[in-house]
């Protein structure tokens, strides 16, 4: 079990925290948000939930970042959402400033903690947080896409979801790629089954938008999946998950997802075990990531100087 | 495990359904809502969540009430919220019409099912649903208040929540009463501890309003607690919970909460085991309930004639 | 969660402890046995099991009763089994001495603890332990028979076991009685189904002997069921279970099972809610128990004087 | 969830099956043993346990191998234990004959099933079963040693067991080797902590003998750990576990443990990600395994001709 700090108590932050707590991964939690009273009221809700389960867990909702202290892992979902008319680069700059600020404040009171980034653009925010804080940071990356891919194929083939294995990698979002060499159905290569690969890729890219359009945000899927990343760390489950861990690229630390062992130690990545095509896809992702990231960093630095 | 129908996929309906499903109480679920695409998109979210847990569970989100068929228990959270300027009686009338409509449609395809009411005013909606549908109906009643009471006392006394036992009864909401004869702390009567009873009652009454003011609705508390009612039924746990079961009062079926055994059979109520004062409180609740209910029913009947 | 002491690490003691620990009811455990090295080696086994689950739980296997200290509940499975040619009264006397010895030693270091008796003859040992130690003691009583009854009916009717509700009461063993007024199938009275009551009673009485004959002892059934009694206490689940709580009969404390609410406080008993026939059965059980118990106590006192 | 066949209902078989079933990995189970009445009585015990948990699971205990049909995974714990004076080679021959017999009978009724070997000598039995049955077979291998290693280091360092990561590999038993390059403590290389490596290796080798000497067999450790292998497969958890998967060595299929991804598809092995020293250890293990195995096979073939 782990002491977990949650930075951000919006819808997704609340769902991740709830799901992690009721699944037994957490023995102490501090939930921080900037909105007055929000974390404190959320704490009440959690306490009511714990009562019916007999859950014994120290939990604190707070508006003071100083209360986030002595944690093993800190999950960052704080950040602004993209508004209409706003470019991705503008979103990067706005949220990067939040990350730099958090990165200045959190490490002193949380020696040895690792950081799990959830705020968007998630992989770049992980890289920014790590660049400025010098703390070991991972991104939830494509583990959500991974589960969406498995879920879609299982429903199509009318199989239990546990029958479908495999991973999605690359940068989280539009550019994520299904790592087809890893996809197995009942232990068999995907090509033995009638799977329309384009349809799968299409689903993985479009379903979050569809959910957001109708419900206003994705919560239960990412909430549960990211809670399981926390659980794999906290209970040392050694689960292979498609998260983004830091890697050097042209002397810059970048975050791009590949199947990676998640336990109380993070890694290794299974990238070298992929087939050539999938490795090529990952390399292309890194290059793309790096270029956009460098460009965004420049913009950020200009803004900060100003 | 049970086949569970969820009528209503709003925030609270979603939270109850999610919490019941991930805790292993459900082996088939149908989620209905009138809002186009909402249940279907929620189904996608659930499928993504099930993928990471390997949960095998047939789930369908639908806009067609006909799909709710062959269920063991049907949880009704559908209904309108009270709008500013609207009287409680108006809310009763609006939601009662929804219940009558559901009561006309659901029973034919769900023989032997029991109904768990969650929509507000929850106890009266249970009575209305049962009156018109002739189906066995229970109300989630005061089980949420029960857990809020335990949670508050535990936090005050700095004890694990499992150390605090006891129940809240009477009508859900403003008129709920702590059944003090049932409250035990570490197995001892409450009076052996320094507990300010007025403060406890106050908390139970005011905390939902406080949460709603800040977060916009209560979800995690009621969601988990009501999921546990479903679980107690589905796994036949025989848990004593303060829910409202039907009882006759002046030839009318009414719903007022008392500690009640919840398993695959519902009951008995432990009302006769309470002390005199607490029994008196429950009786007063029933009388109050009956009078307001009769008045509301009259209004409803007039509206329906019109 | 509770701090649990286990007195006795034989087959049944091991199974209860394991089952309670892996189901999340325990946050600290001390396991005592008189056999050298046994509790310590069992501790190793448990630690290996906890490693794969990431369970964080302080556990100690010990040959020193002094290590059982600060517990919330103490589960006693220590005692001799009945040997061929030995009368029940002789078994009573032998094991009663062990209970008196434990009752002299355990309370001082475990203020406020409750005691759960598992050693046979289980109800009488609870009474003896309580008589001499003056500590609140319950007996696992007929909760095991209760589950055997449900299991048998469910299998006969080809229903999931959760569809069958109801309790067995009276003295544990040959004289246990099915409390038919409590038996419900899918929420309906048992008489609506084709259930051969004699066959049910017969099964409940004979199946433990059959299992012992083939396997050498009953473990998985009682182990899991008694672990759930601990869990209901530790997580304050308020489950109704057919355990034996102390009651006065002719100025003597005796233990006879009836459906009873088990949470962090134990009780009330639901005895007065049974129908007349079932209440009569329980009363007959108490009388029988009392007479044999008095006789056994006399024998015990004579032996102790000698 | 998976349909699981258990071949062998001795102590370890019972413990694996129980642990897998109560942890939600199994939705149908058939338990076979050659001893009359044993599987049937064990089935009763399980049914009693399921009753208290509301577990819905089809379970059959049987003396007829034909009932083991339509399974997803078959766990083989059947086999003789080594008797005093018996050589390892004699044990190999005796149990290999059982495996060949099972391998002749099981596949026809279980198309697509995978086989998990638990009977000793476990890795060689996996190789024999696969050689003769042509079915995909894995050995529980060193996952038990892996957890013993973590457990020992955690206790020594007074850390929660989830803080210690890493694997043991090579042939199960005396020749297992700690893969030190994989051992991490709180995410840091083992050398940053004061760990006596010889003491660790010694513990891993000697603790099973110590437990057997005092208790008569190891059950709770291997039972839970092997149940988790089944669970990782059944729920597609993608856990990295040190099990032995088939690999070709000098044209013979052999089984030697290395960290391997276990989900509904088995693999890949992480062997190539180990450091040179650990890879060298594994290679030495394979060579040793192969030589003994070839020798044992020869003996087996001679015996079968006779």
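Cβ coordinates come from backbone N, Cα and C, glycine included.
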NAD(+) site partner of B:8, B:9, B:10, B:11, B:12, B:13, B:95, B:118, B:119, B:120 (as recorded in TrEMBL), chosen from B:27, B:33, B:101: B:33
For residue B:118 (NAD(+) binding site), the one of B:82, B:88, B:148, B:172 that lies nearest, given that the recorded positions are compared by Cα: B:172
Which binding-site residues sit within 10 Å of residue B:172 (active site, proton acceptor) - Cα, from B:10, B:12, B:33, B:120, B:148: B:120
Chain A neighbours, filtered from binding-site residues B:12, B:88, B:118, B:148, Cβ-Cβ distance under 8 Å: B:148
Local backbone state of residue B:88 (substrate binding site), from DSSP in three classes: helix
Residue pair residue B:8 (NAD(+) binding site), residue B:82 (substrate binding site) - Cα distance, angstrom, rounded: 16
Integer Å distance between the CA atoms belonging to residue B:120 (NAD(+) binding site) and residue B:88 (substrate binding site): 10
Residue with minimal Cβ packing [other Cβ atoms within 10 Å] among the binding-site residues B:12, B:118: B:12
Chain D neighbours, filtered from recorded positions B:10, B:33, B:82, B:88, B:120, B:172, Cβ-Cβ distance under 8 Å: none
Between residue B:10 (NAD(+) binding site) and residue B:82 (substrate binding site): CA-CA distance (Å): 15
DSSP-derived class (H/G/I helix, E/B strand, else coil) of residue B:12 (NAD(+) binding site): helix
Protein Cβ atoms within 10 Å of residue B:33 (NAD(+) binding site), excluding its own: 22
Listed binding-site residues (B:8, B:10), ranked by Cβ neighbours within 10 Å, top entry: B:8
